[in-house]
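Input: a single structure, listed below in structure tokens.
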Amino acid sequence: MLTLARQQQRQNIRWLLCLSVLMLLALLLSLCAGEQWISLGDWFTPRGELFVWQIRLPRTLAVLLVGAALAISGAVMQALFENPLAEPGLLGVSNGAGVGLIAAVLLGQGQLPNWALGLCAIAGALIITLILLRFARRHLSTSRLLLAGVALGIICSALMTWAIYFSTSVDLRQLMYWMMGGFGGVDWRQSWLMLALIPVLLWICCQSRPMNMLALGEISARQLGLPLWFWRNVLVAATGWMVGVSVALAGAIGFIGLVIPHILRLCGLTDHRVLLPGCALAGASALLLADIVARLALAAAELLIGVVTATLGAPVFIWLLLKARR
């Protein structure tokens, strides 16, 4: 038994090391790649200081943190809702953050500071997550909870579309395009949003014990002495915060929170002590690679990263849905 446990521990460490190396390589590639390839030796030249340190580095850090946040949010929601298909984008949480953001632009007439817009996005994500948690407490089946989340997402999307058509604000129309997901406008002015993600990410990665209990189911978690009400509300707040900040940074990006936790579980990372940091590393790597594809796929324009993640993630989601039905 001890031998098996040690083998599993070594395997987990190997996986985390491999994911760390992958993330580091993706980060370096993201800083080098672009319309102009800038090698490591040119990073401290005048050209490198402009392209690498002023343009690419803030974008790369934002992509890294948002990818980690979305993947961890997916893992937390799957444990929280006891549902393998739970994910911020599919369950409408990202669209809820978008509604909060657009409401702030409309009501504030474009005069609100960036921090207020970020807080409104977080509030929108929290409201949708709380509604979903109420549905989950009624012990809906996987398909019903998924449909409820999709319905909430459609309602939020419709509200955003109505706001766009009845608004004369150019900022709001640009915001709708940005809500499709993209890091094109990220620079050092958004560094406060990046910093807002770091403490919550680190805190959740340290909460493996309650997460493991929640993954066992509500009855087992109660029997093990876990205060369910407290942990549900804290994790809902943390997830809403991460999704809201991510939407404020880059718009709605789907499928990262669904696909990454599933792939890692298929690789044997089921213990949340390893799954949570693994999700952070894998989510950051996957979104960095998707961002590189979005930047380089077209010569004269930049693809929206939400299009890239949806193209890659939708087939995996269909496969997972068919697998869940079996």
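The backbone N, Cα and C atoms fix where each Cβ goes, glycine too.
Now, the feature entries from Swiss-Prot:
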{"type": "TRANSMEM", "residues": "15-35", "note": "transmembrane segment"}
{"type": "TRANSMEM", "residues": "61-81", "note": "transmembrane segment"}
{"type": "TRANSMEM", "residues": "88-108", "note": "transmembrane segment"}
{"type": "TRANSMEM", "residues": "112-132", "note": "transmembrane segment"}
{"type": "TRANSMEM", "residues": "146-166", "note": "transmembrane segment"}
{"type": "TRANSMEM", "residues": "184-204", "note": "transmembrane segment"}
{"type": "TRANSMEM", "residues": "240-260", "note": "transmembrane segment"}
{"type": "TRANSMEM", "residues": "274-294", "note": "transmembrane segment"}
{"type": "TRANSMEM", "residues": "302-322", "note": "transmembrane segment"}
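Same-chain residues lying 6+ beyond the ends of the transmembrane segment (184-204) with a Cβ under 8 Å from its Cβ atoms: 54-55, 58-59, 61-62, 65-66, 68-69, 72, 76, 114-115, 118, 178, 235, 238, 241-242, 245-246, 248-250, 276, 280, 302.
In this chain, the transmembrane segment (274-294) touches the transmembrane segment (15-35); three or more CB pairs sit within less than 8 A of each other, excluding pairs fewer than 6 residues apart.
Of the candidate ranges 61-81, 146-166, 240-260, 274-294, 302-322, 146-166 has the most C-beta pairs within less than 8 angstroms of the transmembrane segment (88-108).
Highest Cβ contact count with the transmembrane segment (240-260) among the listed stretches 61-81, 112-132, 146-166, 274-294 falls to 61-81 (criterion: pairs under 8 Å).
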